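A.B. asks: Take this structure, written in structure tokens, and hold onto it; I'll ask about it next.
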Amino acid sequence: MYKIQLVNQKEGVDVTINCPGDQYILDAAEEQGVDLPYSCRAGACSTCAGKLVKGSVDQSDQSFLDEEQINNGFILTCVAYPTSDCVIQTHQEEALY
């Protein structure tokens, strides 16, 4: 079980959730009452984008982000499994472009 801190000062988000390594971060957040943006839930759009501040994830199921965006730390929370404790900035769709 990993601890995932979700933060976004502008949106008033600062909460830590528990997420097993076999559950998508978005699903775990919803189960624990955290309302995050999403649309397709399939890794094919950018609505749920977050930025990994600390930690690591497996998001091999995503098909939207390009290599540069991934190297800059962007993740899609709807298809990202945690592989360590993480700090993630939420609501990052606009920052992608």
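Note that the numbers count up from 1, one per residue, in the order the chain is shown.
Each residue, glycine too, has its Cβ placed from N, Cα and C.
As annotated in Swiss-Prot:
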- 2-94: domain '2Fe-2S ferredoxin-type' (DOMAIN)
- Cys40, Cys45, Cys48, Cys78: [2Fe-2S] cluster binding site (BINDING)
A.B. asks: Compute the mean position of the Cβ atoms of Cys40, Cys45, Cys48, Cys78, which form the recorded [2Fe-2S] cluster site, and then list in sequence order the other residues of that chain whose Cβ is within 8 Å of it.
C.D. replies: Leu26, Tyr38, Ser39, Arg41, Ala42, Gly43, Ala44, Ser46, Thr47, Phe64, Leu76, Val79
A.B. asks: Would you mind listing, in sequence order, the residues at least six apart from Cys40 ([2Fe-2S] cluster binding site) in the same chain with a Cβ closer than 8 Å to its Cβ?
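C.D. replies: Residues satisfying the criterion: Thr47, Cys78.
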A.B. asks: Would you count the other CB atoms within 10 A of the CB of Cys45 ([2Fe-2S] cluster binding site), including those on all shown protein chains?
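C.D. replies: Excluding its own Cβ, the number within 10 Å is 17.
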A.B. asks: Looking at Cβ-Cβ distances, which residues of the chain lie under 8 angstroms from Cys48 ([2Fe-2S] cluster binding site) while being 6 or more apart from it?
C.D. replies: Leu26, Leu36, Pro37, Tyr38, Ser39, Arg41, Leu76, Thr77, Cys78, Glu93
A.B. asks: CB neighbours of Cys78 ([2Fe-2S] cluster binding site) within 10 A?
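C.D. replies: The Cβ of Cys78 ([2Fe-2S] cluster binding site) has 26 Cβ neighbours within 10 Å.
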A.B. asks: On the three-state reduction of DSSP, what should I expect for Cys48 ([2Fe-2S] cluster binding site)?
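C.D. replies: The three-state answer is coil.
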A.B. asks: Give the three-state DSSP assignment (helix, strand or coil) for Cys40 ([2Fe-2S] cluster binding site).
C.D. replies: coil
